[in-house]
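First comes the structure, then the notes that go with it.
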Amino acid sequence: MDLFQYDFMIRAMIGALIIGLAAPSLGIYLVQRRLSLIGDGIGHVALTGVGVGLLLNQSPVLAAVIVSAIGAIGVELIRERGRTSGDLALALLFYGGIAGGVVLVSLSDDASSNSLIQYLFGSLITTSPTDIVLIGVLGALVLIAMLGLRPALFAVCNDEEYARVSGLPVRTLNLLMAVTTAVTVTIAMRTVGLLLVSALMVIPVAAAQQVTRGFRGTMAAAMAIGVGAAGAGVIFSAEVDTPPGATTVILALALFVAIAVGSAAWRMMRRRSQPPREVEPPDVVLQKA
Amino acid sequence: MSIVDVRHLAVGYEGREILHDVSLSVDRKEVVAILGANGSGKSTLIRTVLGLVPIARGEIDLFETPQRRFRQWARVGYVPQRLGAGSGVPATVGEVVASGRLARRGIFRLPGAADRDAVRDALADVGLLDRADDPVATLSGGQQQRTLIARALAGKPDLLVLDEPTAGVDAASQEAFAASLRRFGDNGGTILLVAHELGPLRPLIDRAVVVHEGRIAYEGAPPEPAGHHAEPDHDHVHPHAVQPAAGICEWAPTDRMAAN
């Protein structure tokens, strides 16, 4: 395919594939503990980091990692306390994050709305060789942590109190997940943009879990779907000239719908081909006369 | 040797004291039931023993070590009231039970043959070996409860702590549960459980402790059931056990379709 005669396309592809693999490996834990939207919130906070980076003439990616990690740890500490006001505190943090980002970016030398759009919706083809190295290293770290600690992270997400009684370092693991979320959001900022980051963490998991039976299988299937959607998104967007980030998300959603419809149809067919089950006579007295 | 030793314990949430001056000791191989009405503080008592609720005053020793310095959590198997909040992400029975091995194995080591054997033994013990690869969400309430006891047993603990293990559990699962606990006790295990009523667990209990309004109101042989539990024809079979009713509902429409 002559699409890849350009270096920038190869870099775009590598970046997309790394994120397509890493985002669902973290996302499955977030979905499991009903924090599907946390990636979105951290994305808002990361924008403030981008603003700080641009204002100080430092790397926006590095600044975004630091600021969103601080934000993610803050969110985790609020969640841990389990107060009802946590929900409100999160909202304040997120809106503060995006408003702060917009203000800071506008104050910087690079104050075009173009640079803001780049971070909000992704800008895969402007990925530099240095960016790819950073995405590769951070993506590998995310994958190692999420795959290597799977039993422990599963235990914490599945039943936090049980994990605590087992003597697991629950707080450390939660903070690790918070920081990993921040890192994943920031590296994915290049591919899909801060506003669509969560989609790559959550949609592959949502698609996979419709047909899987176990956690391990769901994780593997979600990562496969993530990589597939990201790769196809880059090629498709180059062919029809659409933004790669949004195209990837639309493809992932299409896969979700296809799997949902397919599995429902399969279940229906199976039910119809099976003879009605014989019901055993009740062995308890349902009602006394 | 005292496995659990609670001395003059007081516990409170947000300024309201729930337990006042509770003392309780559980010896090795003993089976102790904590009984009491809803809101009596019985669950708070074991949650404090497990370190899930902070101590306001008093002391707790586990295996003769102050709870604050206790690190051998693999010796404690906790069976919560129900499966954690759960979520959309499916997990198999085997995966849930395998998390019971983490306390022994540590978080950095990969599961080995000993872990797999322990998970299989625990599943066999509660009679769920054939369901190991099924998603937990497809199990009945009683089977989910048995999954939780298998998770605790997989860690080969010396002490089992159970929070209302038979609440809302069908009769067959209650019997399977009682049999598992009896085997655990016969192999030298110590059991501390909280219950609203004892049902089929009753013959296992060495000593009952009744908690009332945050204090220990009775300690000794399991008391006779009171109220409607004491009626001669009350056989502790609960409405949850009436599963055929659900079966009939599922089955009826198919039947009607066939008739058409």
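Placement of Cβ uses the backbone N, Cα and C atoms for every residue, glycine included.
According to TrEMBL, the protein has these features:
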- A:12-30: transmembrane segment (TRANSMEM)
- A:37-55: transmembrane segment (TRANSMEM)
- A:61-78: transmembrane segment (TRANSMEM)
- A:90-107: transmembrane segment (TRANSMEM)
- A:132-156: transmembrane segment (TRANSMEM)
- A:168-188: transmembrane segment (TRANSMEM)
- A:194-212: transmembrane segment (TRANSMEM)
- A:219-238: transmembrane segment (TRANSMEM)
- A:244-266: transmembrane segment (TRANSMEM)
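Comparing A:37-55, A:90-107, A:168-188, A:244-266 for CB pairs under 8 angstroms to the transmembrane segment (A:61-78), the maximum falls on A:37-55. Taking every listed stretch (A:37-55, A:90-107, A:219-238) in turn, the largest tally of C-beta pairs under 8 A with the transmembrane segment (A:244-266) is reached by A:219-238. Cβ atoms under 8 Å from those of the transmembrane segment (A:168-188) belong to residues 18-19, 22-23, 26, 29-30, 38-39, 42-43, 46, 49, 61, 64-65, 68-69, 71-73, 75-76, 80, 134-135, 138-139, 141-142, 145-146, 149, 152-153, 155-156, 160, 194, 197, 200-201 of the same chain, restricted to positions at least 6 beyond its ends. In summary, the transmembrane segment (A:219-238) does not lie against the transmembrane segment (A:37-55): fewer than three C-beta pairs, each 6 or more positions apart in sequence, are under 8 Å. Panel annotation: around the transmembrane segment (A:37-55), residues 27, 30, 61-68, 71-72, 75, 90, 93-98, 100-105, 107-110, 115, 119-120, 181-182, 184-186, 189, 194-195, 197-198, 201-202 of the same chain, lying at least six beyond its termini, place a Cβ under 8 Å from a Cβ of the stretch. The list of residues near the transmembrane segment (A:194-212) in space but at least 6 beyond its ends in sequence, with Cβ under 8 angstroms from a Cβ of it, reads 19-20, 23-24, 26-28, 30-31, 36-40, 42-44, 46-47, 119-122, 184-185, 188, 218-219, 221-226, 229-230, 245-246, 248-249, 252-253, 255-256, 259-260, 263.
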